[in-house]
Amino acid sequence: MKEDTIKLLQDLELKYIKLTHAYSLLLPLALIHLALTAFHFRLHHLWIVTTLVLLSRVYFLKRSTPVYLVDFTCFKPDNRLKRSKKDFLDASKSIGVFNQETLNFQERVITSSGLGDETYFPPGPAAQPPVLNWEASLAEAEMVMYGALESLFQKTHVAPHDIDILIVNSSIFSPNPSLTSMIVNRYKLKPEILSYNLSGMGCSASLISIDLARNLLKTHPHMLAVVLSVEILTLNWYMGNDRSMILGNCLFRMGGAAMMLSNKNSDRARSKYELVHMIRTHKGADNKCYNIAQQREDDKGLLGGSLSRELMTVAGDALKTNITSLGPLVLPFSEQLFFFISLVKKKILKMKATPYIPDFKRAFEHFCVHAGGKAVLNEVQKNLSLTERDMESSRMTLHRFGNTSSSSCWYELGYTEAKGRVSKGDRVWQISFGAGFKCNSVVWRALKNVAPGASLGGEAWSDCIDRYPVKLPID
């Protein structure tokens, strides 16, 4: 309660500071007007015009700078890198490093994972035997990054030298020079470009990058930003027998996405979406949340990513915290009222009332939930009371591409576009989870109808969208 009161006072203080600033601009003009009136100057017309100009200036200073998503693209690997579930299991057996218990565990996980038989493996892990060195990681990075960027530049008709801001996120592969420097060097980007390389942010990194781009675009006028979300898996491919670490091999697959954002008014007409809300939640102060997903070595000194059994509980708690902040911004008043009454009964009156789950389907037309795994999607669906139709893009993305880490929510939006479901005015909610532990939400509003054939984001689905949705096994 004390923290809420302090926050409210801070908000009020900020509002009064803004009002004081506006009045400070008007005060000198008002004094001049009084002085002129005292000397019987008839400059009323000048006073009216000047006042209108000044008020317009105050309005534009207070108005938030819009941020547009011009377009985005999802990287589609070469078909030679496709591997079925059987191929994956056969390869694991032939390597000769996994014991029978680990092989049996992998089979149980991959069978019930929700992944299909057309996901893509990086060239290094796909080789027989696997090639898991630095050169293979660089080759994977170049393939994904340059492939996504080439498609983005080609389809948006934007030249690389016109980019003002470049943000790249890759959690587990952070070379020196950085991934952003590799891109600057390849495309000969201008010297004054603002470049940022984010690492260690987990599967939520793409939406964090969008937040960084938003803040930069609100600060620097008339700019274009490119955000590139990738996860380079090769060096983190696990070759041991720790169950908590072998999960990554079973779920993570090759992928990436590139997004172009703008704050130029001239770009509104050609942009697909406008950024409406961004809510970030970080539960890292809690040790249980902090340790839930981490990169570490096993007892043999082998590096990999470890996932705790309590992941679903932590993810559900982080989601509830996140939507508590998002709800008042997007939900109709009636939903907020029911939720508030439920909260009062539980927190203040200490009643054993069933918590009210707001109907977010009244706030959004499309849901893009990070395809981290079937268990993650089941947990989100349960917590938000979503339908199978609401979860379709997430489940089909997991089936077709696997867990592509931070880029997965873009494959999901690409799926929705490829299905021709995005209409002008539609609201899209992207939800991501990441190590630390983090939960992030981004809300977009569609600025136009997106026809399936004109969908750059849906290009990764172009050769298979007619086969989807597919029927998934029942648990």
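Note: Cβ is positioned from N, Cα and C throughout, glycine not excepted.
If you check TrEMBL, you get these features:
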{"type": "TRANSMEM", "residues": "21-39", "note": "transmembrane segment"}
{"type": "DOMAIN", "residues": "59-347", "note": "domain 'FAE'"}
{"type": "ACT_SITE", "residues": "Cys203", "note": "active site"}
{"type": "ACT_SITE", "residues": "His282", "note": "active site"}
{"type": "DOMAIN", "residues": "365-445", "note": "domain 'Beta-ketoacyl-[acyl-carrier-protein] synthase III C-terminal'"}
{"type": "ACT_SITE", "residues": "His366", "note": "active site"}
{"type": "ACT_SITE", "residues": "His370", "note": "active site"}
{"type": "ACT_SITE", "residues": "His399", "note": "active site"}
{"type": "ACT_SITE", "residues": "Asn403", "note": "active site"}
Protein Cβ atoms within 10 Å of His366 (active site), excluding its own: 21
Of the active-site residues listed as His366, His370, Asn403, the one whose CA lies nearest the CA of His282 (active site): His370
Those active-site residues, out of Cys203, His366, His370, that come within 10 angstroms of Asn403 (active site) at the Cα: Cys203, His370
Same chain, 6+ residues apart, C-beta under 8 Å of the C-beta of Cys203 (active site), given in sequence order: Ser171, Glu231, His370, Gly372, Asn403, Ser405, Ser406, Ser408, Ser432, Phe433, Gly434, Ala435
For the domain 'Beta-ketoacyl-[acyl-carrier-protein] synthase III C-terminal' (365-445), residues assigned helix / strand / coil by DSSP: 35 helix, 21 strand, 25 coil
